[in-house]
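Everything on this sheet refers to the single structure shown next.
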Amino acid sequence: MRSLTTKTSSALLTVWGLLSVSLMPSVGQADKTAGDYFVHSLPGAPAGPLLKMHAGHIEVTPEHHGNIFFWHFQNRHIANKQRTVIWLNGGPGCSSEDGALMEIGPYRVKDGSNGPKLEYNPGSWDEFANVMFVDNPVGTGFSFVDSDSYIHDLPEMADQFVQFLEKWFALFPEYEHDDLYLAGESYAGQHIPYITKAILERNKKPDAKHKWPVKGMLIGNGWISPVEQYMSYLPFAYEKGLVKKDSEKAKKLESQQAICTKMLNENGGRDKVDNSQCEQILQEILSTTQSKGSDGNMQCYNMYDVRLKDSYPSCGMNWPPDLVNVTPYLRRSDVVAALHISPEKRTGWTECNGAVGSAFRAANSKPSIQILPELLAEVPTILFSGAEDLICNHIGTEELISNMEWNGGKGFELGSGTWAPRRDWEFEGEPAGFWQEARNLTYVLFYNSSHMVPFDYARRTRDMLDRFMKVDIASIGGAPTDSRIDGEKGLETSVGGHPNSTAAAEAEEERLEAAKWNAYYKSGEIVLVIVVIAASAWGYYIWRERRQRAGYAGIFGGDTPMALAGARSGSRGAAGLEDFRNKRNARDVEAADFDESELDELHVRSPTDDMDRDRYSVGSASDDESIGKRNGNGKGKEKSYS
């Protein structure tokens, strides 16, 4: 019996030891606090106070070493309430660091003299909202998982994302009651609706301690309805003049479109997220329209911005240009350390992971267009499109809206025979696009923009976001941007014009710098006046001495030591004063207008006062316009919508 007990104890200890080893990563994760994720410094960041940010991994599947990476930026200012935006890029398998460093994040990566450096993004979305970029699903970007454990379907991805949020909010409970917005582009048009649905279902469970208040979805150039998107390729090519209608090229493309239509109408084709025969339409457009460039090499249209050309068969895979700086920046060892990248992440950052995209076939998933109507009953949504994108073009988005029934109507129908108007949008005096809305859905078309709208027009997308979130700066001050829809300004939204925004801070610094030099200049004038007065007094003194000495000379004779000394002094004094007068005549300070109040101002705001003055937070929003991802057709034939 004792032997059996000993063996049993030994066996239990062995089992416990194995369990302890297997649970070690989870325990390590559980022991982490928010402070462990705090980013203390960021290589290449602009001078001044660093934005408040957290970054790192949250473990979601310990048994497969599955970790999701996030990069969270705290809002710079609060308008009337706390808001959090979660941003997702597409692919599937493309990193949301595209969004962080090329689109809506606070920084853009530029080429510096000593390597990549960060500059403030004039239209970053973190002015009045916390913004979190998530590399989703596992295996994407800085996220990682065992290579045999990639995600395959949309519901599985959404459930894992909710699990990530549960753990994230446990670490950062102060954000759990924020108004929550899910935003992204391209294939995120599948991810976002599925995640939103999973959150709404989670909120209805009795064991949900806190309901997460989902207030909106924003999807740019979204891959939402494959049917409408496939059928839009040829009309878009005609509209943009890529292919001439009734030409031989057009006939070949129409033949491929007929094959696609047949596939969609058979064997549940309309219920599939991807269809290889239909994707061939896009391939044929890019192939049949290729031409020889000035360098003698073949080139094709950039599928993300048809105003541009790229080498064939890349056709946009070398775009956007910022990528040449972003990739080496995110692979720097000091950046990896600053963002708390786990040593378990053994490979460097890549924009799009082909293995993740290959695994994520969504073979058992329905396209998100089929769940969008039910979501619109609860969640306000914006669909926005860049007018020059081919791969997820605006015609496809407009068609899916026209064909969709939601909230008691079809398309943008307002009533019998009436439709929601397209309202012209003007931003800072330029035509920016149009807005159209009905029954909880808003559609925005951005003129002259690509697949990655925020890359082109970050400030305009920030204006769109602030309008959608109903940010109103009237009560907090600041200069609103001049943004008008059908000539009406609506709520006062700020795009880098808030008193504490980056642009405002930069403008304030320029103003202070000018004031400082103005103060120095005025100080110089004052010194000059003092010198003139002193010189005049000295000159008067010398003149009086000469007069007196002249009198002494008349009494004592001209050869006395005193007379000679007086003559030499007088000569030097007169010559020196005359020279000074000649210089002074060029600019008579005393004769110039002089405002005594300037002396008071100089006293109030001296150069040292300016240096001691508290600066505004460096990293508020700023101002400027500044593109998306990724059909992987040029990369191993894998399609990736970023």
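Placement of Cβ uses the backbone N, Cα and C atoms for every residue, glycine included.
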Exercise. Kindly point out the range from 272-297, 480-505 that Swiss-Prot annotates with region 'Disordered'.
Key: 480-505
Quiz item: Looking at Swiss-Prot, which of N325, N448 is flagged as N-linked glycosylation site?
Solution: N448
Quiz item: Quick one: Cα separation, S186 (active site) versus H451 (active site), in Å?
Solution: 8
Quiz item: Taking the Cβ of D389 (active site) as centre, how many other Cβ atoms lie within 10 Å?
Solution: 30
Quiz item: Taking just the CA atoms, what is the gap between D389 (active site) and H451 (active site) in Å?
Solution: 5
Quiz prompt | Integer mean pLDDT for the topological domain 'Cytoplasmic' (544-642) | solution = 36
